[in-house]
Each structure stands twice: as C-alpha cells, then as structure tokens.
Amino acid sequence: MQIKIEGIHDDRLHRPLQNIANLFYEECELAYGGEEPADFVISLALSQTDEHVTVSGEVKGTGIKEQHTKFFSPDMTEKEAFKQVKNTISYVYLNLLQAHTGITQKWGILTGIRPTKLLHKKLQSGMSKEQAHAELKKDYLIHDEKIMLMQEIVDRQLAAVPDLYRVKDEVSIYIGIPFCPTKCAYCTFPAYAIQGQAGRVGSFLWGLHYEMQKIGEWLKEHDVKVTTIYFGGGTPTSITAEEMDLLYEEMVRSFPDVKNIREITVEAGRPDTITEEKLAVLNKYDIDRISINPQSYENETLKAIGRHHTVEETIEKYHLSRQHGMNNINMDLIIGLPGEGVKEFRHSLSETEKLMPESLTVHTLSFKRASEMTRNKHKYKVAGREEVSQMMEDAVAWTKEHGYVPYYLYRQKNILGNLENVGYSLPGQESIYNIMIMEEVQTIIGIGCGAASKFIDRDTGKITHFANPKDPKSYNERFEHYTDEKIKYLEQIFEKTTKQH
C-alpha cells in the first residue's frame, strides 16, 4: 500500500503519520512528493496563528473531508505548541483513514507504548477522573472502553503501590542474562542459545558480578533504597544452579538491605530450564516470584515458533515449582501465534484454568523488526484483525470470570489488530516491577547484557536512556566502562543526596 501525502513539509511529522498509517495497513509506505503512482492521495492543509492551529484534510477523489482546530494556551512552550500541531494533524489524518477504510481505531491517535502514563499525568496535575476522561476522548479520540481499561489499571496500580508517585527517591534494578535454550521466532530480546557457550557464559557472569558490586557499593554509600529487582533476559534460569547460587549470593552481599526489598522476580520463562536444583537455590534466597511462560498450549505451535519444550513439560514444571515453594507464578500467553485462531486460544485459556497462576500476561503478537518471524513473514500464517480482536475479548471475559484484574498495559508498534498487551493478576499479587517499568516513576538501573537503564530526573521527570551492549562478546570487553557511565548518571540524578553525604 502506498499513500501520497500532500501539504506536509515538516520532516518531524513523517514518523507520527507513518505510525498511524501502520494501524490500518500491514505494509504501507508514505510518499511526500514525486510522480510515483499511489493507491490514494491525502491532502492536508495547515493554518496557524499565535492563538490556534486549524488542519483541513481530504482523501482526494472520494469526497471524504475533515477539519479540526486546537487552541494554544498562553504559557505553552515551543515544544508543547508543536505537540499540539502534531496532535491536530493526527486527529484529522486518523479520521480520514477511518472513513476511507471503515476500520475504527479504539485507541484513537495514540500510538505510544504507555497509554496509562498519560492518565496518571492528568490525575497527578489535579484533574478529576471525569475531566481526564473527557480530555482523552476529545483530544485523542480514545474510545470509552479503552479509557475505562486505563482507569481500572491506574486504580489497581495505586492500590498495589500506594506511594507510586513518591518512589522517585528509590531505584529498581533489572539484571539481564542473555542466554536461552533456543531463540524463539518472534523474539528480539538479547537471547543467545546457551549450548556450547560455557566460556562466554563464564566471562559474562564475571562482568555481571563486577557491575553488581560497583552499583551496589554506590547505592549503599549514598543511602539509596532498592524497590524491586528483576532477573530477565534471555532466560535467567538457563545458567546452572551453581551459577545462580553465586549470583544471588552476590546480590545479597552487594545491594543495600536486600531482605527489605519489596519484590524479587526471576524469569524462568522456558520450562525446559527449570530443575529441582535451581528451585532449591531460589528457595535458599527466599525468591518465590517466577515466570513460567507456556505462550501456547499447542505443541505444534511451540515447534513452529522454536520453543523446544512441550505443553506437558510446562504443566509438569509448574507443579514442580509449586511443590518447591513458588507462591507467585506468572504465566504468559500470546494471541495470534502462527496457525492459531479462536479455538486454539480458548484451549490455552481452559488449560490455564487448571493451573490458576497468580498472574497472567496476555500479549498480542507483534512483528518486531529484527525477529526471525518478521524477516520470513511469508512462512508464518497468522490470524486476521477480527479473529485477533475476538481472542482479546475472550481473554478479557475469561480473566474477569476467574477473578483476575488488569494492572499494567503496554502497546507495541506492528502489533496485530492494533491491540495491547495486558498484565492481569489476582488482587494483591501484582508485580511491582512491572508497574515501575511501565509508568516510569523511578530510575531503573539495567545491569548485564542488553540491559537498558532509565535515569529519571526526580524534579522534572526527564528520562535519560542508557543501554549495555546486547552481545556477550562486546559486554565482556567493556563492562567496566558501562558501569562507570551508569554511576555518572546516578550521581547526576541523586546529586542533592550525594552532596549531603
């Protein structure tokens, strides 16, 4: 699909227009000039004064037209004024595409990853729920159903973490272990098949211990508390029980006041990595929150996406984990996996019912740019928009019926049906780390391979991103440098605290 756009001369608007086009068409190119033929042409005209911006638009040759005006407030910065212009253009453009295609976008012009962050911001500024909801509807064209979902999640987050707006003086820590038994077809996380990598794993773990020691030392010196620790990857349980033991021992030795950290989670996503020895190690350090991710309860699907475990193994390892004291288990399901439709997804839900994990994350398949699945899209047959929407409706109904509540939400580019990923839990079993990472309310220090840090200014909320290299070889060569860089950022963020000591 090729759409020609007339009347837009600011390159900064190209990406938002492309993101909205992607909501309607899987393969879509936008052209801003030239004589190449296009499937259709959208003409946009912008009229701007000091007080307001008006955008008019039409799908040429169809009679479909739209116009919208937004006013600038007197105290707006240049950046805020540009955002107002961008949103006005997006408003008109979305309505033109909805009328032209007959497809309704329930998230309106929102294409960002964190919709609930927008609602948190409005409520924090002193707006009532009613005012905030009215603005989301009027300015962003978000439908009531999605606004209600956002509000339910915000309420649940504030119940789970009553001091959510005050945790900026603490940090959370993400520890990335980049190894897996095999790499899944949809995955773009740092994940390297662990077989035959013994030397590289050993070098990586040496660097990881170093990072933990230095970061922990700094946190202790400056009296900065840790809210949560999350071991992700990869699959952190891919390493041996002995390596896990040494790693958690380092965690207890290096980080401040570990026994009072609110939550420690270890992803054990691949059931084929879970053993009695590894569960005993988790027990030793009082870690009882893990993830075991079936993704699907169809063996054919697991084979197709490169997961070398069976449905039976998932169930067996779930029960083994329960027997060894794992009291807070999360499981993931993915809507829209290759070859799966409503029937297969309902089967996965009925299998989940037999286990009743404390939390269930329902992902919608996303075609991530660097994944094997995206590179070879022709090999993977996936469900259409309507069927994917039906599966999401089934997930919403099933979770409600079984006492689960939504507590976090995020969206991705190129996600099937422009839907969302929702984390559900039984009340009181929410993952605090997931809330922290989604709502961006505190600094998160990323340690290990591919680990992304977010340094959040405690006064302005400005976010500075910093990432460790994704591949173990690069990490092993320069982990000292990356540790030093993170400590510099921490010193900037906690400058006032630093000066007091």
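Cβ from N, Cα, C; glycine included.
If you look up Swiss-Prot, you'll see 163-405 marked as domain 'Radical SAM core', on the strength of sequence analysis.
According to Swiss-Prot, the feature S-adenosyl-L-methionine 1 binding site maps to Tyr174, Gly233, Glu267, an assignment based on similarity to another entry. Taken residue by residue with DSSP, Tyr174 (S-adenosyl-L-methionine 1 binding site) is part of a strand.
Cβ contacts within 10 Å of Cys180 ([4Fe-4S] cluster binding site), excluding its own Cβ and spanning all protein chains shown: 27. The feature [4Fe-4S] cluster binding site is assigned by Swiss-Prot to Cys180, Cys184, Cys187, with similarity to another entry given as support.
Secondary structure from DSSP puts Asp332 (S-adenosyl-L-methionine 2 binding site) in a beta strand. Within 10 Å of the C-beta of Asp332 (S-adenosyl-L-methionine 2 binding site) we count 20 further C-beta atoms, all protein chains included. Taken from Swiss-Prot, the feature S-adenosyl-L-methionine 2 binding site applies to Tyr186, Gly234, Thr235, Gln295, Arg307, Asp332, supported by similarity to another entry.
Looking only at the binding-site residues Tyr174, Cys180, Gly233, Glu267, the one with its C-alpha closest to Asp332 (S-adenosyl-L-methionine 2 binding site) is Glu267. Listed in chain order, the residues near the S-adenosyl-L-methionine 1 site other than Tyr174, Gly233, Glu267 are Ile175, Gly176, Ile177, Tyr230, Phe231, Gly232, Gly234, Pro236, each with its Cβ within 8 Å of the site Cβ centroid. Comment: S-adenosyl-L-methionine 1 site residues Tyr174, Gly233, Glu267; largest CA to CA distance 11 Å, whole number. In this structure the C-alpha atoms belonging to Glu267 (S-adenosyl-L-methionine 1 binding site) and Arg307 (S-adenosyl-L-methionine 2 binding site) are separated by 16 Å. Of the listed binding-site residues, namely Gly234, Thr235, Gln295, Arg307, the sparsest CB environment within 10 A is found at Gln295.
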